[in-house]
């Protein structure tokens with residue numbers, strides 16, 4: 001094989017050709033006999049002179065084209081750079097605080113810790129295009145009630161965001177470059193615990209989920225397995241479980257790793273809300289002088305988790321903000337505080353925490369901690385739905401198809417709702433089991449000539465919803481079984497549920 005350069009196209013890419021007679025090609029190609037990839041000096045000068053002349057002619061053509069454009073639009077317009085760099089574009093946005101409403105819940109944090117954290121977070125935070133898009137969610141409603149960020153269906157994640165992570169004096173300012181903000185930038189393979197579903201970083205601990213397992217949870221299971229194999233007589237050779245929790249907490253609190261602190265807070269909150277584990281720990285502490293009762297141990301663990309989550313929330317860690325807001329909204333710390341929960345959800349939503357975006361939409365929809373605002377609720381639901389949040393897709397589909405929450409009752413909106421329900425059905429789970437039911441109701445009756453009625457497919461959707469735990473679908477299947485497989489094709493239950501009288505429609509418009 002030899003490499004030859006076309007003589008008639010100076011400056012072009014080399015041609016590679018395979019020849020059978022290699023010796024003849026070396027003699028006729030003009031290359032030196034030392035190597036087929038080395039040109040002689042005269043050939044080099046001739047080649048590069050032709051290349052330079054070709055480049056100069058191309059530059060003249062570009063200059064002539066530029067003169068023609070400048071003559072048509074003006075010299076001043078040509079001097080302006082039409083495509084500024086991304087850094088200049090990002091820096092042109094007004095600076096916003098990560099947590100503007102943090103005064104509501106930051107007062108309970110220790111003064112020395114919160115002051116140092118504020119200085120670090122304010123000094124190291126850089127505005128991003130993703131945070132600009134998320135801030136448009138809060139103030140993104142036009143005069144006609146429509147969203148102003150429909151073009152931002154897929155916003156880019158943060159790439160250069162840095163936040164002070166430590167609780168004391170530290171030089172560690174690294175932050176994981178993803179919207180949820182879990183872990184550190186030195187470990188890009190560390191998975192985040194915000195997977196846009198309530199059970200992943202929520203207080204619903206009845207459902208087993210491997211994505212929520214921390215190191216301490218794994219150690220607890222290993223401890224139980226060791227006790228089982230050692231037997232009751234030899235189990236005293238193991239370190240008590242409460243002692244390991246205390247040691248783990250002491251080590252974590254001394255570290256500067258924000259992810260480890262969040263894992264520890266999540267674990268002790270899980271233990272504090274699990275009555276069975278609390279009884280096991282109380283039995284281990286019976287022989288000690290400072291033994292706990294079940295209530296006192298629960299209060300101790302929950303308060304310890306609360307302090308850690310507040311510190312993490314003060315530095316803008318979205319997973320901690322969401323978990324703390326979920327605890328406030330569910331009354332884990334005593335009284336339900338919807339206002340604090342809303343502030344935490346909205347703060348995490350500004351950092352593109354998708355589950356927090358959905359919870360903020362629920363707050364605006366139901367008036368939890370904030371005045372009811374249907375357009376803002378629809379805006380938040382739209383943003384969460386575009387990020388594949390199943391519950392947001394389900395709610396947005398229902399509202400769009402039935403013309404609720406101030407959405408127009410026209411054909412285009414109905415078809416948008418139909419498409420959202422189809423996407424939600426493909427991602428249906430035990431938490432979002434209503435999407436197949438609503439889609440089945442649509443296929444039972446159809447819609448004009450756009451959605452053809454298909455009772456067989458509707459029954460399959462009812463079966464899917466019933467298998468996921470939807471009671472109304474199970475009732476419809478039971479009625480069909482009793483009637484010999486016949487299902488009425490009249491108005492489905494959802495159509496009767498969402499049907500509005502004239503007085504209700506007027507009241508809804510006044511509310512919006």
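Cβ coordinates are placed from backbone N, Cα and C, and glycine is handled just like the others.
The model shown is predicted, which means the values in this text are computed figures rather than measured ones.
According to Swiss-Prot, the feature compositional bias 'Acidic residues' maps to 101-113.
Among the features that Swiss-Prot reports, region 'Disordered' is placed at 101-122 (among others).
What Swiss-Prot lists as region 'Disordered' is 144-165 (among others).
Among the features that Swiss-Prot reports, repeat 'Sel1-like 1' is placed at 318-353.
Taken from Swiss-Prot, the feature repeat 'Sel1-like 2' applies to 354-389.
Positions annotated as repeat 'Sel1-like 3' by Swiss-Prot: 390-429.
Swiss-Prot lists 433-470 with the feature repeat 'Sel1-like 4'.
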Go ahead and report the DSSP secondary structure tallies for the repeat 'Sel1-like 1' (318-353): helix first, then strand, then coil.
26 helix, 0 strand, 10 coil
Please list the DSSP helix, strand and coil residue counts for the repeat 'Sel1-like 4' (433-470).
25 helix, 2 strand, 11 coil
DSSP puts the residues of the repeat 'Sel1-like 2' (354-389) at 26 helix, 0 strand, 10 coil
